[in-house]
Amino acid sequence: MLLVMDMGNSHIHIGVFDGDIIVSQIRYATSSVDSTSDQMGVFLRQALRENSVDLGKIDGYGISSVVPHLNYSLGSAVIKYFNIKPFFISMDTTDLDMSAVEAHQVGADRIASCISAIADHPNKDLLIIDLGTATTFDLVTKDKKYLSGSIMPGVKLSLNALCQGASQLSSVTIVKPEVAIGYDTKTNIRSGLYYGHLGALRRSVEEFGSPVYTIATGGFAGLFKEEDIFNEISPDLILRGIRIAFLENNKKGV
């Protein structure tokens, strides 16, 4: 079995693949993971056992990380506690044409999502929108040319900034508001968060020009599922992209 990990700024998303099927998924807050390799190794083994994953069957480990200061400890933990050399996805491990951008600045999660989207929809121009800590937009042409896109604060990050910057405002649960015009502070905030982000999503898609097939992923993609912005929502896009990159590089002996 192949274990893949998407290490984001807010959450760690772990997937266990048996062939091309995800048989287990685990989510933890990134802040819950200690930074030493031993602590991380113990944490990972315990998390997998708690989710009934047979550690003896894991024979590969693929990682997408946008938390560089944890990469060394994570890699060391996998080697020591799983006896596996981990594969880290990067600009050097993909056949995406990234010549149009500063490739070294592109996050591993964005690369993984593009790889997965291309595999699912070959010969299409694609727009991948990842609604996580940040909301990112990535354009990829049908001939696998990565054009990048844009980045804006995510829904939760916007809420946190609002509450930290305005002393009389407190946090709210993030849900689609029942009405656009709020009747108290909480419903005002919910309305602003939802419709403000929705407006930014619509305008960004519009500004990217010619018709593209639009795929959403990330923790807040489902918040906008009733809107007509996306052609599809793919929660496992990054995990599947890590798997594809792992297998392709394994064939090359990387």
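Glycine too: its Cβ is placed from the backbone N, Cα and C atoms.
Swiss-Prot lists ASP6, MET7, GLY8, ASN9, SER10, HIS11, ILE12, HIS13 as binding ATP, and of THR36, THR93, THR94, THR133 the one it places in that same site is THR133. The two recorded residues, THR133 (ATP binding site) and ASP109 (active site, proton acceptor), show a Cα separation of 12 Å.
In this structure, the C-alpha atom of SER10 (ATP binding site) lies 13 angstrom from that of ASP109 (active site, proton acceptor). GLY8 (ATP binding site) has a Cβ environment of 22 other Cβ atoms inside 10 Å.
Put simply, ASP130 (K(+) binding site) is 8 Å from ARG110 (substrate binding site) when counted between their Cα atoms.
Of the listed binding-site residues SER10, ALA108, ARG110, THR133, the Cβ environment within 10 Å is emptiest of other Cβ atoms at SER10.
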